[in-house]
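Engineer: Got a structure for you, written out below as structure tokens; questions coming shortly.
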């Protein structure tokens, strides 16, 4: 018997999260219908609550059983026409309390990431945990306490620290990174200072074979090497031991095994040479020291490169000034930023950085918003305009009232989105995760198998060849490069996008954006300025223009439609009559009664439905529509009275931006509620390939579905509340800056500047990021696929040579450095204009 189960959801942050959960539930044979929002799910079918919760967890989110109480429907609870298009299926901003970021230490490779992630996800209350090897951080969603999270990480054998304040956390992260680089540097110097002279001496003078004459000298070198292994390489052995206790294996395990076996063999030969044949008395002390030195050197260079990749987020954090100038009855005073509260009056002068969001109450100024929006040209701001934290006053002086402070400012929201995106993992990275989970055990197995083959079938002295093969295979294998390949590209790509005013919700959005072939644009406010103007008024049946404007404006007083503002503005300051019986006719227009007249105002379909003859207007309707204007028709007492031609001009950069997108190979589609004639005229001017006209607000998502059913990968670009369902339905939703909060929260990508050039920039950066990610993954796979067989001696039958363990150590270090350096190229990426 079917039942409906109500679940409370955790960890969903956008329309695609909703879509993913819905699809996961509806794939179950025992689920008939799943109604999913960002906070809850109502599932009808025969499945049990536990089974549904498990399905949602497998999709990467959290769920608990809920028992909501029914609420009586009142008139005020009925949604408005504008909101009816997006009833309850849209996400809201995730509150700060729902996520915590931890600083991690002790991680060295992708296997460590898997271990820490499992430890965090096992903590009660955690709905999602994202561990980032490149940043050495973990972003944890859910209600678990910081103490529980830190304890779980420490129990897994790693270090963790929870710091709430973004700036303090970043400072701590920088301190740790600098200290780590210094530590790796001196460890590398110490190890190489011992390893290089011994290796050179062996190549030039002594042949590294122990004899009765040099036995004591080699014993001293062995003890010095042991000291190097303890002080310069101790972290490898400590971490390997912790991993062993936790039943896992990491890169440190490979290094510890390789260098440890080489040293133990050498010391055994040194102490008991009589146990070994003469040709097997070769010593490998220099290999242990050199390997530790080279890998530490690689870690130092890698840490330095990783620090460069985090500069974008550091720049955003540095935008907030430490103090603000507050204006009170007693005058002006400088106060710490933490003391500023909403409603306070603040002053800004030339050169000041805006401390919080607010609205200008007095004065004018030019503000540089480049770091926030990517817009290089300073913007003039005056009374009533908004200012945002992080922007800079280039010239002028203003008073403004604080409206959002602390974590509620636009800048804080951007930092939060960038941080979450940098911690996310795309679908392509999941392959690397699966391989990383079994990488180290497989490498150890390959090393043992290869050593066995050389021991039983190799040339004499077998024990020497066995040792070299096992050590080289263990050392050359590099899970570190595999673990860094995806997160380094994401950190650099998301950071670079932020510098262009492009905010990416998660790494999946970047991956999806790189595969798009069709871009759908909402017309009003996206392709156009969103500020329509009445460009012509034509009257009929003896009605004069002033009367037509006055009555039309009176009706539009009750409408929130963008065209209504244009008509009200055209009417000016004239006193407007009172309207009775006002009604909004969805998709048609409005109606009402004023000054004893029955009024209709809307499109031609409205007048036709009300049996108002429009024959006299037909020629003018066609003429205005063909010029790109929207004809708004007025009928008085059942007769056609006037035509108001309203035109919303294209944005200044729309044509250039669309041409740029055309050249990049995208098919461009315009989605609008306008009549086909008007829509086609605008599309022709803008260079649009395809027009979908006459679409009602709640039909936009269906239009996107139809395009997707044709096999297209679709992005929707919009800015209004009624665009939100389409933004969620599209493969990638792109919200224009300055748009509604609902649209921005639904979109996968948000443009901070209201310019279509941002769309081209966003798509170019997404393609570059995915290309970089593939290069890193391919490089890591090729390195290991070639390096491990070569280390195992596959070239011996053809060349008669084996790879030296020292060369293997250098190659391992170089592989990680190469991945990080390649990802850092994204920090210099510039989209082609």
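Glycine is no exception: its Cβ is also placed from the backbone N, Cα and C atoms.
Okay, so Swiss-Prot annotates it like this:
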type     : residues : note
DOMAIN   : 3-64     : domain 'HMA 1'
BINDING  : 109, 112 : Cu(+) 2 binding site
TRANSMEM : 186-206  : transmembrane segment
TRANSMEM : 217-237  : transmembrane segment
TRANSMEM : 253-273  : transmembrane segment
TRANSMEM : 283-303  : transmembrane segment
TRANSMEM : 437-457  : transmembrane segment
TRANSMEM : 463-483  : transmembrane segment
ACT_SITE : 522      : active site, 4-aspartylphosphate intermediate
BINDING  : 719, 723 : Mg(2+) binding site
TRANSMEM : 778-798  : transmembrane segment
TRANSMEM : 800-820  : transmembrane segment
Engineer: When DSSP states are grouped into helix, strand and coil, how many residues of the domain 'HMA 1' (3-64) land in each?
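Structural biologist: Output for the domain 'HMA 1' (3-64) reads 22 helix, 23 strand, 17 coil.
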Engineer: Can you give me the average pLDDT across the domain 'HMA 1' (3-64), rounded to a whole number?
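Structural biologist: Mean pLDDT for the domain 'HMA 1' (3-64): 79.
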Engineer: DSSP on residue 723 (Mg(2+) binding site), three-state: which is it?
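Structural biologist: Once the DSSP labels are grouped into three classes, residue 723 (Mg(2+) binding site) ends up as helix.
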Engineer: Does the transmembrane segment (463-483) make contact with the transmembrane segment (253-273) through 3 or more Cβ pairs under 8 Å, each pair 6 or more apart in sequence?
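Structural biologist: They are in contact.
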Engineer: What's the most sparsely packed of the recorded positions 522, 719, counting other C-beta atoms within 10 A?
Structural biologist: 719
Engineer: With Cβ-Cβ distance below 8 Å and at least 6 positions apart along the chain, what are the contacts of residue 112 (Cu(+) 2 binding site)? List them in sequence order.
Structural biologist: 106, 133, 158, 250, 251, 483
Engineer: Is the count of Cβ pairs under 8 Å between the transmembrane segment (437-457) and the transmembrane segment (253-273), pairs 6 or more apart in sequence, 3 or more?
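Structural biologist: Counting Cβ pairs under 8 Å (6 or more apart in sequence), the transmembrane segment (437-457) reaches the transmembrane segment (253-273), since there are 3 or more.
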Engineer: Using Cβ atoms and a strict cutoff of less than 8 Å, what residues sit near the transmembrane segment (253-273) while being 6 or more residues removed from its termini?
Structural biologist: 210, 215, 218-219, 222, 225-226, 229, 233, 236-237, 239-240, 243-244, 280-285, 287-288, 291-292, 295, 440, 443-444, 447, 467, 470-472, 474-475, 477, 479, 805
Engineer: What count of other C-beta atoms do you get within 10 angstroms of the C-beta of residue 723 (Mg(2+) binding site), across all chains shown?
Structural biologist: 33
Engineer: Under 8 Å between C-beta atoms and at least six residues away from its ends: which parts of the chain pack against the transmembrane segment (800-820)?
Structural biologist: 134, 195, 199, 258, 262, 284, 286-287, 290-292, 294-295, 297-299, 301-302, 305-306, 309, 465, 468-469, 471-472, 475-478, 480-481, 484-485, 488, 776, 779-780, 783, 787, 790-791, 793
Engineer: Given residue 719 (Mg(2+) binding site) and residue 522 (active site, 4-aspartylphosphate intermediate), what distance in Å do their CA atoms have, once rounded to a whole number?
Structural biologist: 8
